[in-house]
Each structure stands twice: as structure tokens, then as C-alpha cells.
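Asker: The following block contains the structure, expressed as C-alpha cells.
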């Protein structure tokens, strides 16, 4: 089952290759310092190289017994990746047995993943990336906020690219909240207000995500189960909610009857896909053994609690959101894979300590095709920031990393990596919560030699230039987590699995 939010559940069963999950960079090059005083020391076998790694602890129910464990894929910094499946998320091909990919547990269609499979490029926002796997069931969890017109528009666009029978493989939690057109309108009005009052805005996608979560927190929101129950009652509550927003925003115009008519039509289209999400996930976890992979949408530094507040999203997109957004108990969480680019990017406003507003940033943006999937905005680019990566690991507890887009660095003669922050001349061991403080930090860099060679044809660890191997090991040693996958291109075959 592929769920949308912070992860995807994949069936764990004998046979078939493990999905090429993404890994974060982590190891020191010869001649460079290996660790900072406050960093954890890595085990000897982690430091010895990737050719003969120690076997990981077994988490597979088929081998160990007990309920299915859920595998999570978490993004590390601020935005989307190129998946090797392209922009960028890799999905498992299951051999025989069905898998579950709960692609959504938090967030809405404010984030995007570009996925390339068999040469075809798909863009997903609400649909879990696993929807392209015909042997997987995809699940949108209760923590997701759903704009129904956007869901069907997204499906239709991907149908033109070759997506087939998606509605037969998609399940939607009845507890998921609904995003209405007026939520999106209010999102835009709030940005205009912020700009006028404060001289700056948050840089939202204007998809209505914040206003919808505000309705949810105020207990005035409406859910999928409400839409599919008594429509007269739903209509009454919808009108009250619309009028509340109009009272707060006098210029807001809402075609109440027109929207209700449209929603009634959508209700019948989604009815066959809707289930009690809690019971569905319980059965998935305790029934026949299956792979369950949870897909992260927004990245760790956009988390409402742990991100660069207030320049964040409106939900928890770190690992805790998996439990609350899908109804999965903590004891069912297995591996947590961190996904990180070989450099750092950010869309929109907010502090970005390693940003390069120069020819390096331009080169990364151009070579990496760094444009937001949802908004089309140009992504800001900079050197890899290991303070951010370590912070994301503190919150999420990664068991392995996927380092993507290593090939974008191929043309550089030297590569800098941010390893620590100084504030008022003193090194700090934490990632600052306050934005003004984060704007003032001085980044300490380690400069590593580049490889000046094409890595896009590499398919094994041994195929990578020694300098590229050293770059990966440098990251591993500074973060204390092994890199399991290295991405050197868009295709599925371009994801090198190290162990």
C-alpha cells in the first residue's frame, strides 16, 4: 500500500528485490577530519567500505514473525527530489505479491514528486507515487487534506502519460479532511495581507493547505466521511464554513451552490475508493505478510514543529506524522530511509545557510533542473548542509540514507560541504529554531576534491570515481548513518544500491 504523507508501506515478503530507497551522504575523504566532538562515532564495519557490509538486523515479518513492519521514506531538507523512478522517488517492483503504499499521511497537493519509470515521467501531488505500480494498493491517509478537483485533474494528466486503472488501486481514508476552493482563495488573500502588513509573505503554494488545517484545528472542517453521509447536513455545515470565511475576508466571493453541486458529483466518483482508514491499515499490518512503504511528501525542514518556522507547511511531515496520519502504531515502524540530494535546495522564502547566490548556485539549478513541481518556482541551491542532515536524523532516526543527484556535481573541480555552524564566533551543536538567529550563523565548510568525471553510467559502487566514493563516505561519517542508495540519473537503473 502506498500512502501519501510521510512514507509508504511495502509488502515485506520473500522474493523480489528491495526497493532502491534513497540514502543520505555520509563519509570522510582521506586527509579530512572525520567527525566533530558532538557527533556519534560510527561502528567499524560502517567505516570499512561498502563492498562487504554487515547484514542489517532482520525486520521482516516473514523471517521474524509478528505484524508487518512499515518502511518509511523521508525527505531531509526543504523540497522534492529527482526520483529514480525521476524527479524523484523510487518505487519497488514486487515479484508476485501485492504491496501497500500509503503515500499520504500528512499534507496535500502542495508538494510534488516527479517519478520516471520506463522512460515515462509522471508528476504526483496527491496521488501516492506507488500508484504506477499495478501490483500495489495505494492509500491516502487521514492526515492528508484533499482537494477533490485537484485529485481528478492530477489523475487525468497522468492518464495521458500512460497511467491506467488508478481508481482500482487507490483507497482513501474516510477521515481525511477536504480542501475547498474557498480555502485556496483565502490562502492567496492571506499572502497578500502578509505582504502588505509585514513586507514579506510565507511563499505558500496557494493550494489552500494552511486554511484547511486551520479549519481542522478549529473543529469546523469537513471530512470525506461527511461528504459521503447525509448530504443535506454536509451542505449546511459547508455553508456555515463558507460564511465564516467570508466574514473574515469581506472581498471573498464563493459560489456556494455551484461548489456544492460539483462536490456532490465528486462524492459519487470517490465513493468506491473510500474505506475506514484505521481498520484498513490494521488489516494491512496484521493480515498476510506484505511490503508497506510510506512515502514522505514535504521534507523535514518544512515540518510545522521542527521546520524553519514560520516558513514551513501546516502539518507534521517528519516520522511522527506517519503514526498520526495513517493510524499506524509506533511499534510497527521498521526502517526509516532518509532521502537527500548531494547538494541542498529550497523553494520559497526562509533562511538557507549554505545557499550559493553565485555561479555555483546557478550551475546546480541549471544542471539539476531545479524547478518546483507544484508551483514551477525556481529552486534556490547551495552546498550540502550536514547540520541540517544531522538535525533531520535527530528527529527521524534514519536507519539508512538515499543520496540522490550525485551526477549533478560531476563537473565541479572542488566541492564544499557545510559541517557546522558558528553563532557569535562560537560553534553551536544544534540547529537554531529562531529564524533571525539562523540568518546570522556562519557556516564552517570542508572542501573536498571533485571528480570531474561522468557518473551517469555507474551501476555499482566500484564504478564511482574514488573522489565520489570519498564524498559519500565523508557524509556518512559526519552524520553517523550509512548511505544505502546513490542516485546518478533519472532512470530506475541509475540508483546504485550499496547493501
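Yeah, the Cβs are placed from backbone N, Cα and C, and that goes for glycine too.
Pasting the relevant annotations from TrEMBL:
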| type | residues | note |
| --- | --- | --- |
| ACT_SITE | 113 | active site, proton donor |
| ACT_SITE | 216 | active site |
| BINDING | 110, 111, 112, 113, 205, 219, 298, 313, 377 | IMP binding site |
| BINDING | 112 | Mg(2+) binding site |
| BINDING | 112, 113, 114, 379, 405, 406, 407, 487, 488, 489 | GTP binding site |
| BINDING | 373, 374, 375, 376, 377, 378, 379 | substrate binding site |
| COMPBIAS | 19-29 | compositional bias 'Low complexity' |
| REGION | 1-29 | region 'Disordered' |
| REGION | 82-111 | region 'Disordered' |
Asker: May I ask for the distance between residue 298 (IMP binding site) and residue 114 (GTP binding site), taken between their Cα atoms and rounded to an integer number of Å?
Answerer: 13
Asker: For the binding-site residues 114, 298, which one has its C-beta crowded by the most other C-beta atoms within 10 angstroms?
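Answerer: Result for the most crowded candidate: 298.
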Asker: Among 216, 377, 378, 379, 405, the recorded positions in question, whose Cβ has the most other Cβ atoms within 10 Å in this structure?
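Answerer: Checking each of 216, 377, 378, 379, 405, the winner is 405.
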Asker: Taking the Cβ of residue 488 (GTP binding site) as reference, which residues of that chain separated by at least 6 in sequence fall under 8 Å from it?
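Answerer: Listed in sequence order: 406, 407, 455, 456, 457, 458, 464, 494, 495, 496.
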Asker: Determine the Cβ neighbour count for residue 407 (GTP binding site): the number of other Cβ atoms within 10 Å of its Cβ.
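Answerer: Cβ-Cβ neighbours of residue 407 (GTP binding site) within 10 Å number 23.
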Asker: Taking the Cβ of residue 376 (substrate binding site) as centre, how many other Cβ atoms lie within 10 Å?
Answerer: 9
Asker: Can you give me the Cα-Cα distance between residue 405 (GTP binding site) and residue 379 (substrate binding site) in Å, rounded to a whole number?
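Answerer: Residue 405 (GTP binding site) to residue 379 (substrate binding site), Cα-Cα distance: 15 Å.
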